[in-house]
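Feature list (source: TrEMBL):
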- Ile28, Gly29, Ala30, Gly31, Gln32, Met33: NADP(+) binding site (BINDING)
- 27-124: domain 'Pyrroline-5-carboxylate reductase catalytic N-terminal' (DOMAIN)
- 186-290: domain 'Pyrroline-5-carboxylate reductase dimerisation' (DOMAIN)
- 25-46: transmembrane segment (TRANSMEM)
Amino acid sequence: AKHQSGRRQHLPSSNMPATAMDRSFLFIGAGQMGTALIIGFINAGLVSAAQITVCDHNENRRRYLKEKFPEIERLANLEEFIPECQHPLNVFICVKPDGFITAVEPFQMFNKVTESVFVSIVAGITLQTMHYHIPAGSRIRVMPNTPCLVQSGASGVACHSKTRSEDIDLVMKLMSSVGRAVLMDESKMDAVTGLSGSGPAYVFTFIDALADGGVACGLTRESALLLSAQTVMGAAKMVLETGRHPGQLKDSVASPAGTTIAGLMSLEESAFRSAASKAVVAATNRARELSAIR
């Protein structure tokens with residue numbers, strides 16, 4: 001798991017990468033979200049496995065990536081890698097909130113820190129915290145979600161006004177390659193966390209509940225899940241691709257005295273809209289609490 005000397009010799013300091021996208025990528029943390037981004041970027045064709053180094057103390061995660069992408073270099077720690085690295089990096093910090101400070105500490109000794117890009121996807125870690133613990137470079141905050149794994153993610157991106165424009169473009173291009181990305185003021189990032197960051201879990205629950213209803217009405221579990229998931233995906237595509245308001249699309253399906261309006265009335269009786277909205281507010285408030293703690 002140690003750094004092997006000679007690694008990345010195709011990018012020595014005397015032969016700098018032509019663009020920011022050509023730099024080596026370092027992922028600190030290979031949990032669900034970090035792995036989703038790695039796989040998403042590679043599948044999108046923007047980054048090659050040979051450009052990527054992954055640092056994670058979990059041997060099982062390193063083994064999984066080795067089996068999937070043999071060209072990715074895997075490290076248990078950065079003790080040797082950072083002092084020996086002689087070229088700028090695109091660093092994605094994908095650890096738990098309580099591991100952020102430890103994860104970025106090695107960059108105090110990194111002589112290419114100023115030319116590097118640091119992207120944090122860590123919940124509750126603000127740009128102020130990033131600037132305090134990472135001595136230089138472009139520091140950008142991203143809140144992605146797990147559908148990045150299948151190029152269908154939704155990400156919020158925030159950075160300081162003085163961040164290098166080419167580095168903002170790099171991150172926006174990367175995140176847009178695995179879904180849709182919105183550049184916004186950092187004050188909105190907790191709301192992004194509550195809506196799209198946590199949102200897939202809400203939608204998974206809804207898909208599961210729809211399928212349960214189908215099973216209760218006589219469908220097989222397999223058929224119910226397929227129909228449920230496809231229905232949610234199709235409805236979402238209609239909102240995105242037609243530009244019509246969801247309320248208009250809903251009304252177009254609900255015929256007078258028909259089946260759909262009967263189902264919608266049942267949802268309203270169960271406070272479906274309120275439950276969904278309150279889930280976003282609760283998750284957003286929790287994100288704000290985490291930011292305050294950090």
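Cβ coordinates come from backbone N, Cα and C, glycine included.
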Discussion item. Cβ within 8 angstroms of the Cβ centroid of Ile28, Gly29, Ala30, Gly31, Gln32, Met33: which residues besides those meet this for the NADP(+) site?
Written reply: Phe27, Gly34, Thr35, Asp56, Arg61, Cys94, Val95
Worksheet item: Under a criterion of Cβ-Cβ distance under 8 Å and sequence separation of at least 6, what residues of the same chain contact Ala30 (NADP(+) binding site)?
Response: Ile38, Val54, Asp56, Asn58, Arg61, Arg62, Tyr64, Leu65, Cys94
Worksheet item: Taking the Cβ of Gln32 (NADP(+) binding site) as centre, how many other Cβ atoms lie within 10 Å?
Response: 11
Worksheet, complete the sentence: All chains considered, the count of other Cβ atoms within 10 Å of the Cβ of Gly31 (NADP(+) binding site) is 13
Fill in: Number of Cβ atoms other than its own within 10 Å, given for Ile28 (NADP(+) binding site)
26
